[in-house]
Amino acid sequence: MNIKPEEITSIIKKEIEKYEKQIKTVDSGTIIQVGDGVSRVYGLDDCMEGELLEFPNDVYGMALNLEQDNVGCVLLGNEEGIKEGDIVKGSGKIVEVPVGEALIGRVVNSLGEELDGKGPINTNQTRPIEVKAPSIIDRSSVNEPLQTGIKAIDSMIPIGKGQRELIIGDRQTGKTALVIDTILNQKGKDVICIYVAIGQKQSTVAHIVNTLTEMGAMDYSIIVSSTAADSAPLQYLAPYAGCSIGEYFMNQGKDVLIVYDDLSKHAVAYRTMSLLLRRPPGREAYPGDVFYIHSRLLERAAKLSEENGGGSLTALPIIETLAGDITAYIPTNVISITDGQIFLESDLFNSGQRPAVNAGISVSRVGGNAQIKAMKQVTGTLRLELAQYRELAAFAQFGSDLDKDSKKRLEKGKRLVEILKQDQYKPLEVEKQVIILYTAVNDFLSDIKVEDIKKFEKELLEYVDTHYRELGRQIAEEKVLTDEIKAKLEVAIVEFKKIFLQEA
């Protein structure tokens with residue numbers, strides 16, 4: 001049997017082609033200490049700050065401290081089963097979260113994993129949780145209103161799309177209720193809402209999910225939840241994950257509203273991590289860069305220019321104060337980062353004024369440019385009149401005799417305060433707010449008893465809706481109170497008032 005050399009050569013070549021040896025180099029290290037959700041790893045010579053690390057048992061970690069002879073990491077999962085001597089591998093990338101339309105209506109954790117039992121999230125797109133904020137050139141000014149549906153806010157402290165408005169107040173003053181109402185008010189307005197729960201009770205988050213589902217708001221909402229049961233690193237990552245999910249929609253030219261509830265607990269989670277990593281503590285034991293963790297998060301809220309799609313990300317961070325002290329470290333930090341704040345006060349809340357907005361020290365630095373003209377026309381003097389009322393009310397407590405003009409102002413102030421009260425889960429369309437506030441500011445309520453104002457408001461809106469339906473539509477479309485609209489509105493108010501007073 002003759003075997004030709006060519007045949008042997010071809011057989012050898014085929015065999016060599018089959019044999020592929022790939023060498024894969026992985027940056028790795030050894031755990032030298034683990035506990036309290038923190039680990040120190042020896043090795044990882046090419047590790048980067050914020051890099052995603054692979055621990056045993058399918059647990060991931062994040063490198064935060066790059067020291068001379070070891071790397072300080074935080075674990076993004078359960079540390080059970082991880083021990084000294086285990087191998088840790090570097091991934092060469094930072095933490096990413098899944099993004100896309102598939103997340104709408106879902107409840108996810110800080111890593112974008114589902115928590116609602118509705119099955120896996122079908123998306124193959126991911127986005128890093130740390131992204132550089134849009135530059136000045138990429139932005140446009142805030143010029144479109146984001147209606148909250150709350151009279152006290154849309155009239156005096158208007159919020160624009162792309163703004164960062166802080167909601168600050170003690171515990172149990174209605175901060176979360178206020179943002180939930182704002183989310184409910186976005187129904188049908190083509191705004192995607194993201195609610196980030198940081199360090200809250202699981203029962204609270206479940207209640208919010210149920211409320212949004214019942215009201216039909218989960219159709220355009222996403223909830224990112226990192227509850228008190230989660231480790232500090234997961235609580236720390238939650239707002240950045242929520243922000244990345246929101247930025248995906250913003251870059252597509254959509255409007256997004258994101259709520260961080262709340263950044264006080266976020267700062268506490270970061271302080272916990274930093275102290276466990278042996279970083280030097282500063283004021284109130286917070287690390288020196290606690291300002292930076294919030295500023296880099298909130299700077300990502302923006303109104304993009306038309307060339308970049310014109311999308312927006314509006315941020316409503318929440319801060320919880322202790323005994324109304326807004327001069328503490330974290331409150332002052334976040335006040336200085338945001339474009340204004342809505343201050344909720346316990347005293348107002350307990351006296352029955354809800355939402356308990358203190359109009360005196362609440363401010364919106366950029367929202368005024370976004371407010372519709374009709375609302376500006378109506379509420380030009382509202383803040384001043386409320387301030388004068390408070391001053392007079394304090395003066396009247398001493399039992400001093402007031403002149404006729406002061407008494408008139410006092411009575412009007414009482415009615416203005418009453419008209420700004422609003423029930424929870426009942427946001428109002430902006431045209432209805434304009435009608436009600438026009439009635440109050442222009443002294444149409446002077447002969448209505450204070451206790452009848454709520455009833456008057458409800459029935460007036462029903463009357464206008466039945467007999468003057470085109471009036472609300474005109475205000476909504478033209479966004480300005482022309483002389484013709486004012487005349488029609490005054491006729492409607494006078495007609496209804498006559499009926500109301502006869503019934504009373």
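Cβ from N, Cα, C; glycine included.
Here's what Swiss-Prot has on this protein:
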{"type": "BINDING", "residues": "GLY169, ASP170, ARG171, GLN172, THR173, GLY174, LYS175, THR176", "note": "ATP binding site"}
{"type": "SITE", "residues": "SER362", "note": "site 'Required for activity'"}
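Annotated features, which come from Swiss-Prot, shown on the structure.
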| residue | record | Cβ contacts under 8 Å, 6 or more apart |
| --- | --- | --- |
| GLY169 | ATP binding site | LYS175, GLU320, THR321, GLY324, PHE343, LEU344, GLU345, SER346, ALA356 |
| ASP170 | ATP binding site | GLU320, THR321, LEU322, ALA323, GLY324, LEU344, GLU345, SER346 |
| ARG171 | ATP binding site | GLU320 |
| GLN172 | ATP binding site | SER346, PHE349 |
| THR173 | ATP binding site | LEU344, GLU345, SER346, PHE349, ALA356 |
| GLY174 | ATP binding site | LEU344, PHE349, ARG354, PRO355, ALA356, GLN424 |
| THR176 | ATP binding site | THR204, ILE208, ASP261, ILE318 |
| SER362 | site 'Required for activity' | MET156, ILE157, GLY340, GLN341, ILE342, PHE343 |
| remark: Row LYS175 (ATP binding site), column other C-beta within 10 angstroms, all chains, value 24
| query | Excluding GLY169, ASP170, ARG171, GLN172, THR173, GLY174, LYS175, THR176, which residues of the same chain place their Cβ within 8 Å of the centroid of the Cβ atoms of the recorded ATP site? | reply | GLU320, LEU344, SER346, PHE349, ALA356
